[in-house]
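Record features, source Swiss-Prot:
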type: ACT_SITE; residues: Asp36; note: active site
type: BINDING; residues: Asp36, Glu223; note: Mg(2+) binding site
type: BINDING; residues: 37-41, Arg49, His53, 81-83, Trp85, Arg87, Arg204, 210-212; note: substrate binding site
type: ACT_SITE; residues: Asn84; note: active site, proton acceptor
Amino acid sequence: MKTPIAIGAEKKSLITPLPASIDPLRLPEHIAIIMDGNGRWANAKKLPRAMGHSAGVDALKQTLRLCNDWGIGVLTVYAFSTENWSRPKEEVNFLMTLFERVLKKELEALNLEEVQISFLGDLDQLPTRLQDLINEATELTSGNNGIRFNVCTNYGGRRELVLAAQKLAQRVLQGDLDPSFIDEHTFAGELLTSSYADPDLLIRTSGEMRISNFLLWQLAYAEIHVTDTLWPDFDSISLTKALIDYQSRRRRFGGVDPTVNDYDQV
């Protein structure tokens with residue numbers, strides 16, 4: 001668990017305390033979130049889909065700050081998938097503009113809160129101005145000591161695995177790597193998430209029971225919490241419920257519960 005970052009007395013007064021129902025010693029180090037339901041939230045309120053995406057940004061800002069305050073080490077969110085380009089052009093253009101606007105508005109505050117921002121995905125396909133902002137945000141916050149905030153943008157899990165395989169193949173062709181030495185550790189080292197541990201907890205909003213091509217390798221042993229809450233409505237209570245659910249699990253990583261031994265009864 002990462003120690004919450006407080007900058008001066010003013011910052012200390014703004015930290016949201018961890019709910020008493022959550023064990024601070026058993027927090028997940030890394031939380032991943034599939035932020036789903038912006039469009040349905042807007043449709044239910046008879047609002048334009050753009051309003052749903054804007055409301056989703058507010059939910060993300062609150063969730064990020066709570067995770068930072070509560071000592072979560074890494075937060076990785078699925079912001080824009082490689083498949084999202086197939087959405088209507090107007091919606092895609094709005095999302096790109098929204099990314100740019102939010103980065104410009106929030107970067108200074110996030111830097112003051114010691115958030116370290118990274119963007120994971122095929123960033124070369126993004127608009128040039130957005131790429132420039134992403135580079136600025138990454139460079140500005142690279143030395144921060146707060147939560148690691150990964151924004152998966154133009155990201156696809158299968159694409160990430162293919163690129164990792166291509167990198168390994170290139171190393172073999174160049175004579176830098178013996179194929180017999182390739183193992184899980186070597187493969188994971190070529191992934192976009194190679195600098196930190198895999199997610200402990202995956203949260204998916206909107207009730208959908210799928211992972212949607214998100215972190216296919218990294219989610220191998222993650223605990224999964226699915227909530228019917230639409231992403232714009234996700235709040236501190238929603239996050240608390242997810243953490244309580246996580247702490248109720250016995251993580252066995254393919255093994256068995258050491259407190260249970262049925263063979264003694266045979």
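One-based numbering along the chain as shown.
Cβ coordinates are placed from backbone N, Cα and C, and glycine is handled just like the others.
Distance between Cα atoms for His53 (substrate binding site) and Asn84 (active site, proton acceptor): 13 Å, as a whole number. Long-range Cβ proximity for Gly39 (substrate binding site), meaning a same-chain Cβ under 8 A and a gap of 6 or more residues, is found for Arg49, Gly52.
The Cβ neighbour count for Thr82 (substrate binding site), using a 10 Å radius and every protein chain shown, is 19.
Of all the binding-site residues in the record (Arg204, Ile211, Glu223), the one with the smallest CA separation from the residue listed as 'active site, proton acceptor' is Ile211. Around Trp85 (substrate binding site), a 10 Å sphere centred on its CB holds 11 further CB atoms from the protein chains shown. Under a cutoff of 8 A between CB atoms, and with a sequence separation of 6+ in the same chain, the neighbours of Arg204 (substrate binding site) are Ile33, Ile34, Asp36, Arg210, Ile211, Ile224, His225, Val226, Thr227. A distance of 29 Å separates the Cα atom of Trp85 (substrate binding site) from that of Glu223 (Mg(2+) binding site).
DSSP assigns Ile211 (substrate binding site) to coil in the three-state reduction, placing it in neither a helix nor a strand. If you count neighbouring Cβ atoms within 10 Å for each of the recorded positions Asp36, Glu223, the highest count belongs to Asp36. Following the DSSP three-state reduction, the secondary structure of Arg204 (substrate binding site) is strand. Secondary structure from DSSP puts Asp36 (active site) in coil. Glu223 (Mg(2+) binding site) has Gly37 as its nearest neighbour among the binding-site residues Gly37, Trp41, Thr82, going by CA to CA distance. Set side by side, the binding-site residues Gly37, His53, Ile211 differ in how many other CB atoms lie within 10 angstroms of their CB, and the most is found at Gly37.
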